[in-house]
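Structure first, then comments.
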Amino acid sequence: MELLLLILVGVLYATGIFMMLRRSMVKLLIGLILLGNGANMLIFLLGGITRGKPPIIGDADKVLTGIYADPVPQSLILTAIVISFGLQSFAIVLLKRVHALIQTDDLNDLNTPDTSI
Amino acid sequence: MKSIILKTASNYLLPLLLLFAVFILLRGHYKPGGGFVGGLIASIAFVLHSFANGLQNTRKLLRYPPGAFIPVGLAISLLSGLAPMLIGKPFMSGEWLSVQVPIIGLIGTPLFFDIGVFFVVIGVTLTILFTISESIL
Amino acid sequence: MIDRYIILPIIAQMFTAVLLIFFWRKVVVQRIISVLGSLVVLVLSIGLFSKTWHWGYLVMQAGNWKAPFGITFVSDAFSSTMVLLTGFSGLAVSMYSTVGISRQRIQYGFFPIFHFLLLGLNGAFLAGDIFNLYVWFEVIIISSFVLMTLGGKKPQVEGGIKYVTLNLLASVMFLTAIAILYGLTGSLNMADLSLKMATIHNKGLIGVTGLLFFIGFGIKSAVFPLYFWLPSSYHTPPSAIAAIFGGLLTKVGIYALIRVYTLIFIPDTFTKNIFLIIASLTLLTGAFGALTKRNMRMMFSYLIVCHIGYLLGGLGMYTTLALAGTIFYLIHDIIVKTTLFLVSGLIYKIRGTMNMDELGGLYEDYPKLSLLMAIVFFSLVGIPPLSGFWPKIYLFRETFTTHSWYLLVAMILASLLTLYVIAKMWGDVFWKKKPAIEKSTDDFAAMNWRSKFMLVAPIALLVFISLYIGFCAERINVLSERIANDLLHPKPYIEAVMGPKEIISPQSN
């Protein structure tokens, strides 16, 4: 399982970076999303995968009993997902706006701020 | 989307989903659920309604622009965090009333924090989705 | 000492932001609330600073959950100084924005987002937990994204894309590093991490994780190979926004870098060398970049990159005095860079352009304002009694004691080039005869006295602070040496957070 996830994380990072290096804006966006998911998977993987109960205290108990999964990575991932949800939707709106303004998908055409002296 | 089935179903689903969202919100403190998930379910209900009946009708149904939920939710969360400071506890301590209310259960500051989160999530999600889907049309 | 005063600047900032959203479309009310809110935050920050100065460390555990488990807010001398500086810059920019930001941008929600940005900055400085630091960073970047692209035309959104992409990449790096750190130690509290790091034997992995943090923070603070987004985006938004970005956003990256590399990772010789080399290259590229440009705000953007090099160089030398120099430089840089962009906005209001070829004759038209601006320019260069001079003494001296000769060469070159750039700018903008252009409107002269006051007063306030830093340098010296000492001897910090009994294997330097 760890090995499988490890490979998955690697593939997500690699494809994410690869997509970001393309010239298309949509691929840039896909790259960012893949990278974000890769990071979340990495937290999940490094938080330690245990085959156990969810970390919820039953009605009858006062403390957690038995083997349970570490809740911290899960809450970290949840936070990271929420944040990336906001950031990615912002990026989508921004790219749409840029596309409406300059009528192209090519990132190479975005050089006006650099070329001005 | 012009589908009579979806249109009829969404009219029944909207109140049911909203009720479910409140249920998820209330059971959230010690069990799976909470303001975030509840807010997402509630906003999904409105999104479904907008799919079936058109965005304009959903906006009319909401009365206020969805962005108006954000400051309300933020204010509730902030105040619920501040409330324990009035009785000399640190910021964001969980303070509970000792009386159990039927159906809702214990009432305390974490519940109000969650309600704030609930509103913020509805506001943010609907604003984002409405903005994106409006600019597509 | 456990104290809930820490949270007050954060709460006041958030309260202001929420209140502002309630008055979404009301421009005049928003202006008043923003200035008043910033004023309250400044007063609270001064209170926090004096309390922290007196007690040493203030700690607050949110919701009363004990240290390694709950979210901790810590205020030591370093963070409270940064909060104080944020308060000053925030007030100045808020005042300036009441006139400097157009009505339309305010209706799009400039002020609430501006206060969310300041909220994120205050939170990041006071966070005692690495994941909490990440969350505050995200608050900062998402508000900065909005500010960067708010109501923008073509160049602004184009610059915005680069800014957004690289900052998102930086936060992914940061998150990756946090994931590995959590996998290594099972903790996220910085004080707890500091203790647990000493017990881990896989030194190689620790080094790599540290460098991942360096890449993440490096993108945010625009160090050498990762700085390209900064000059292509910082000159596009309105000056008030550029001022808060230039003054504080790159510095929060440096703050996090210093915090992480003194508390969690202790740099070995290899890491120190990387810092020194990158610092030298940052100094040179920033200075040469500024040399090639004719647009004032672009030159300032490159100068931001250039001066990040001093800060990183100080961290790379890693002695008490070098760190003290870095802190002193940081204090000076935040104030001066904020002022610089405000000044550029004022010049834009007067002349309607940022291109030095079309500017000129400002000294003739506005002699008093020009003198005010001269102070900013010369303290940026580091002319002796002004604020930029003193930290450089520290940094130059420490290059001798640590034998980092190439850093010394780069620092001297960068200083000279900055001097040259600023002297050229002074000559072109202020002393040169005004070139004859058909249409030159002076928006500034047409304003009423109140608008004029709101534009000039923040600059005067910041110049006054800069003069204070310069003329009362021995006080800032005491402050920065104390901060440097605290940073290099983190034991009291850890004890303050964890409680004295928890210490198992104290880390000592």
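Cβ coordinates are placed from backbone N, Cα and C, and glycine is handled just like the others.
Feature list (source: TrEMBL):
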type	residues	note
DOMAIN	C:127-418	domain 'NADH:quinone oxidoreductase/Mrp antiporter transmembrane'
TRANSMEM	C:6-24	transmembrane segment
TRANSMEM	C:31-49	transmembrane segment
TRANSMEM	C:69-96	transmembrane segment
TRANSMEM	C:163-184	transmembrane segment
TRANSMEM	C:204-228	transmembrane segment
TRANSMEM	C:240-262	transmembrane segment
TRANSMEM	C:274-292	transmembrane segment
TRANSMEM	C:299-321	transmembrane segment
TRANSMEM	C:327-348	transmembrane segment
TRANSMEM	C:369-391	transmembrane segment
TRANSMEM	C:403-423	transmembrane segment
TRANSMEM	C:453-471	transmembrane segment
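Listed stretches C:31-49, C:204-228, C:240-262, C:327-348, C:369-391 were compared with the transmembrane segment (C:453-471); the greatest number of C-beta pairs under 8 angstroms is found for C:369-391.
Counting only same-chain residues 6+ beyond the ends of the transmembrane segment (C:6-24), those with a CB under 8 A from a CB of the stretch are 30, 33-34, 37-38, 40-41, 44-45, 47-48, 58-60, 62, 73-75, 83, 87, 107, 109, 111-113, 115-116, 118-119, 122-123, 126. Non-local neighbours of the transmembrane segment (C:31-49) in the same chain are 5-6, 8-9, 12-13, 15-16, 19-20, 23, 58, 75, 80-81, 83-84, 86-88, 90-91, 94-95, 97-98, 106, 111, 114-115, 118, 122; each lies 6+ residues outside the stretch with a CB under 8 Å from one of its CB atoms.
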